Amino acid sequence: MTPVTRDQVPSLRRGFRLQWEPVQNCHVLLYPEGMIKLNDSAAEILQLIDGTRAVETIIAQLDERFPNVPGLDEDVLAFIEVAHAQHWLQLH
Amino acid sequence: MPNTGSSCTETSASQGPPLWLLAELTYRCPLQCPYCSNPLDFAQHKTELSTSEWIDVFTQARALGAAQLGFSGGEPLVREDLVELIAAARDLGYYTNLISSGMGLTQAKLEAFRDAGLDHIQISFQASDEQVNNLLAGSRKAFEQKLAMARAVKAAGYPMVLNFVTHRHNIDQIERIIELCLALEADFVELATCQYYGWAHLNRAGLLPTKAQLDHAEAVTNRYRAQLEAEGHPCKLIFVTPDYYEERPKGCMNGWGNIFLSITPDGTALPCHSARQLPVSFPSVKEHSLSHIWYDSFGFNRFRGYDWMPEPCRSCDEKERDFGGCRCQAYMLTGDASQADPVCSKSPHHHKILAARAEAEQPQPPIEALTFRNERTSRIICKG
């Protein structure tokens, strides 16, 4: 996996859509003929990925909302790395 | 009948929602693929739900929890209200998939679908080679049209899945198939070995590849997968093996009536698209609500859970993984839909699978000798 740097700007790959599903009571990532149920932290990160925010901005905004979570930046970086390797995300 | 009020209530409480809705909009199709999964007697089912009936189905299924919607057929493009159906489905919040042969697709339609919010298009090919493709499709112009439309789909900004149904006549060209898909910039490639239902079951001897053919195709696919991964290439190759070469059955549809809901052109609700052939009565969306159909109908509860299973499934420690395999395959090969899927080596009918494998090793007639899927043949095979 390619390491992610904080200045990169992630965006959802074309054809991927984040959506809240009330019946499943969670966010899901939808893509051609598939669906991934997301846990709360993955959903929080993905909601901030809009193709304009850099990784460092996403981390800063999450830090502000969840001030007492240790190692939050490492978690965000790890998630983006995995999501990129899965080709859910593109990095610019 | 193992259907009582109390068992229904119990299922209803533990059963999750449908997540996948397959809308078989029509059985009409300009192609004649001899492995079509439509029922053999499709020509007898001519009625199609109206635009408003389909939108009502989409609305009900979405409320139950369905998030993925596939427009299929037949060829869904022959429905003149497709743009309207796509727009309605997208407004409801579905991820909308158009599953098409590409025949009848035009640049203007692609743009109209995109404006209506269509999320993704899957185009199926019959072969990487023009002549074989057109022979299988039963159309002289099919290949050229498909290539042009695959390029147009990408140019219009859609994610694209290319689907190749593979069998003994094209599986040896797997390398060319993959190269073609990469050249067309497919995001996902489904190399789907024929599943032997509907017309494919009728033509099984002429379609089933040999074990050597299958092993070769899988090795080539794995080589490409490794190469794509090393390049960080986004294209994903999905290889579907024919279960005839397995010793354990597939966990068909993730379990009967578990996440998948299919609606036929005339509004019959099915737990999988080939279940219509089973001697089970399935409800119609014209007579019942989808909630009743999904949670309470006899058809959808018939093979839920494990109580319906005879041996060897009943006491098998793998039953929660494969649910006894496929009910349609059990019915087609044993005459009894509650039997273990004969793919399983524990099935007393497994010899039928072994016989099919042995048959595949023998020379088989050419493509031209297969029974092609068209209305005339459907009427000859199935007397109304």
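Every residue gets a Cβ built from N, Cα and C, even glycine.
What TrEMBL records for this protein:
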- B:C29, B:C33, B:C36: [4Fe-4S] cluster binding site (BINDING)
- B:15-234: domain 'Radical SAM core' (DOMAIN)
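Structure with TrEMBL features highlighted.
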residue: B:C29; record: [4Fe-4S] cluster binding site; CB count, 10 Å: 24
residue: B:C33; record: [4Fe-4S] cluster binding site; CB count, 10 Å: 25
residue: B:C36; record: [4Fe-4S] cluster binding site; CB count, 10 Å: 25
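Listed in chain order, the extra residues whose Cβ falls within 8 Å of the Cβ center of the [4Fe-4S] cluster site residues B:C29, B:C33, B:C36 are B:L31, B:Q32, B:Y35, B:N38, B:G74, B:S101, B:W199, B:R373.
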